Amino acid sequence: MTAPQEVSVGEDDRVRLAPGVMLRQDRVRNHWQLLGPERVLVLDDIALEVVRATTGQPVTVREAIDALAAQFDAPRAEIAADVREVLADMIAKGFLTR
Amino acid sequence: MTAHCSTGTTLEPPLAILAELTHRCPLRCAYCSNPLQLDPASRELDTATWCRVLDEAAEMGVIQVHFSGGEPTARKDLETLVAHATQAGLYVNLITSAVLLDRTRLKRLRDAGLQHVQVGFQDTVADKAERISGFPGGHPKKLEVARDVTDLGLALTVNAIVQRHNIDRVDDFIDMALDLGAGRIEIANVQYYGWALKNRGALMPTHEQLIRMDERVRARLPELKGRLVVDYVVPDYYGKRPKACMGGWGSKFLNINPSGAVLPCHAAETIPGLTFDRVTERPLADIWANSAAFQRYRGTDWMPARCRSCDQKEVDWGGCRCQALALTGNADNADPVCELSEHHGLLAGITAADGGTAEVPLTYRSFSL
Ligand code: SF4
Ligand code: SF4
């Protein structure tokens, strides 16, 4: 399922897992995944950190980006671009909601 | 677990299992894909056996379980099974007609770990829906339960079962899903197995209807992005290439019927000469890896010559075995939906004979024919 990214995410937005979506560690396949109705999304390291930072506690996207930039000691602009891209894709696919 | 399938690649565990808890159901849908020979309640697996099977499934790497039927809420132990599956680490889906549910029970199921409820809708108009389901009062009840589902914070899928009499209302189905707060709609054209096959001449739409539906759904997709996931199963009777049924036989899914037989797909029992192992006789992982029924059409070795030399063979896996059987009389043939199949001409005959818009008497699902 490749969704064209027509969804755009602003830094004031807050996101959360959509109803029926859960974050799960798959010990047999050795990765993390988002599970939803009839769907599995395998998370790479970046996507996992984004999901944790944005949905783990009630924060704005801006606050999550700040935290990730500090955590990974990386340029904020780079992190912001990654985060917004990952979030837009997950919203378009119905795993996250605003 | 390491096992090998006939093509020599490592066999992955199934992603999901369909647990058909019972064949009992208060509805009598004319499109029901349950077998004509329904398992009676006396043959159903008991709670302890299901719990063991759920543990085995989680252990082997299954990610999701779909409690289905029949009507799974007809089982009084559903809460226990949902809780057990959740504790085992499985994501729990409920596939239901909703007519036996109420808010109190839904709450209990949610608290037991249920994540997602899929409610089947026969139409968007009550009397038309109830003509198909043979269950008066069903439609408003479904709407009420569906609202409770979203209200309780569970994920809702509207399963729109599409046939000649409702196909022109596909827009209404989408609007109904949005109105109910569903996160997902499955637009499922009737597949002609089981009871549906008996009613093909009363249900199959025309090619023109399908083309119109397709246009309408596609026109809505951009607006629905990020609001409603649309899973859309285009019927292949009018197509040129088959679909990879079940993502390939014995490759991603397995089905356990009410009496514990493990099937590669829910219609597999229609195929003569296949024998199915039972969860009461063999561990699930062993059945998945080694059961004769799974080995029979797994991979590409079983294929007719035309498929074996075709570059699509690991894309569509030769299509649907049950459809090959139903239409050509032999499950070993390529799915005749494939235009390269020597049987492809059969489809034109069937759609000409059975496709239509007329109202034809239905044969309702029942325990005794
Ligand atoms: S299709 Fe209808 S009759 Fe068959 S199990 Fe589902 S709700 Fe019951
Ligand atoms: S010949 Fe067989 S493998 Fe090739 S497209 Fe047709 S069904 Fe699929």
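Positions of Cβ are set from backbone N, Cα and C atoms, glycine also.
Quantities reported herein were computed from a predicted structural model and do not represent experimental measurements.
Annotated [4Fe-4S] cluster binding site per TrEMBL: B:Cys25, B:Cys29, B:Cys32, in sequence order. Positions annotated as domain 'Radical SAM core' by TrEMBL: B:11-223.
Other Cβ atoms within 10 Å of the Cβ of B:Cys25 ([4Fe-4S] cluster binding site), summed over all protein chains shown, number 24. B:Cys29 ([4Fe-4S] cluster binding site) has a Cβ environment of 24 other Cβ atoms inside 10 Å. The [4Fe-4S] cluster site, placed at the center of the C-beta atoms of B:Cys25, B:Cys29, B:Cys32, has further neighbours from the same chain whose C-beta lies within 8 angstroms: B:Leu27, B:Arg28, B:Tyr31, B:Asn34, B:Gly70, B:Ser97, B:Ser133, B:Trp195, B:Arg365.
Averaged across the domain 'Radical SAM core' (B:11-223), pLDDT in this predicted model comes to 94.
B:Cys29 ([4Fe-4S] cluster binding site) carries neither a helix nor a strand DSSP state and counts as coil. Contacts of B:Cys32 ([4Fe-4S] cluster binding site) defined by a Cβ separation under 8 A and a same-chain sequence distance of 6+ are given as B:Cys25, B:Gly194, B:Trp195, B:Ala196, B:Arg365, in order along the sequence.
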